[in-house]
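Copied from TrEMBL, the annotated features are:
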- 91-205: domain 'Phosphatidic acid phosphatase type 2/haloperoxidase' (DOMAIN)
- 50-83: transmembrane segment (TRANSMEM)
- 90-111: transmembrane segment (TRANSMEM)
- 131-151: transmembrane segment (TRANSMEM)
- 163-184: transmembrane segment (TRANSMEM)
- 190-208: transmembrane segment (TRANSMEM)
Amino acid sequence: MQNKKFYVPALVSLLLFILLTLLVKANYTHSPIPGFDPAIQNFGFQMQGNAFLLGISELIATLLGPKGGLVLSVLIFLVLFFAFRKRAEAIWFAGIIIVGVGFNTGLKVLIGRVRPDIHRIPAYAHEPGMSFASGHSLFATLIFGCLFLMLAQHLKSRAAQWLAGIIALLFIGLAMFSRILLGVHYPSDTVAGFLLGLFLICLSYPALKNYQKNRLL
């Protein structure tokens, strides 16, 4: 019964992800989704003049990119495994990152959605790779989602858990918006990355909880 609160959002996020993926593959591999993508893209374009947001977006692009993401993931794994001796959590974290990034790499090739060609920041004019789904958004969802769940286990107050969850969502949302602001992703790409990450977390977390519970018996 306890796992139901994870399996339900896992199922919902999976269904939404599949529907969005099929929609993009069938109709929008070279264009935005009307009524959704353009409005948010235009807002992102208006924010490109904000030096602070632009700087944050470029920092996120580096930290959650292929090289930065690898370093960050390894660092988190090592801290969990050796410093905190949370070996089950460390293995869960590493596994979900590997599965998520590996799956999304293949998905990008399969869907073949071309990146937006408008409102692109000059420094990212030649951003390589396909657009769907956003790897940075997926990576942010996995990292902050996993860290939140691991931290929430040690927070006694419901208010503290909610606060930690809100902060995690804000970081994820900022990462998603940063990709739109830089002009390298459609908003629907970032939503797909979030949904995929949410599915993987909600599907796998109950297994970690069950292992922890059995280990204490």
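Just so you know, the numbers here start at 1 and follow the chain as drawn.
Just so it is clear, glycine is given a Cβ too, placed from its N, Cα and C backbone atoms.
Shown for the domain 'Phosphatidic acid phosphatase type 2/haloperoxidase' (91-205): DSSP residue counts in helix, strand and coil, namely 85 helix, 0 strand, 30 coil. Count of Cβ pairs under 8 Å against the transmembrane segment (190-208): among 50-83, 131-151, 163-184, the largest is for 131-151.
Within the same chain, residues 40-41, 44-45, 47-48, 53-54, 56-58, 60-61, 64, 115-116, 118-121, 124, 127, 131, 134, 136-137, 139-141, 144-145, 147-148, 151-152, 155, 190-191, 193-194 sit at least 6 positions outside the transmembrane segment (163-184) and bring their C-beta atoms closer than 8 Å to a C-beta of that stretch. Proximity of distant same-chain residues to the transmembrane segment (50-83), defined by a Cβ-Cβ separation under 8 Å and at least 6 residues beyond the stretch ends, is recorded for 89-91, 93-94, 97, 101, 121, 123-124, 135-136, 139-140, 143, 147, 150, 174-175, 177-179, 181-182.
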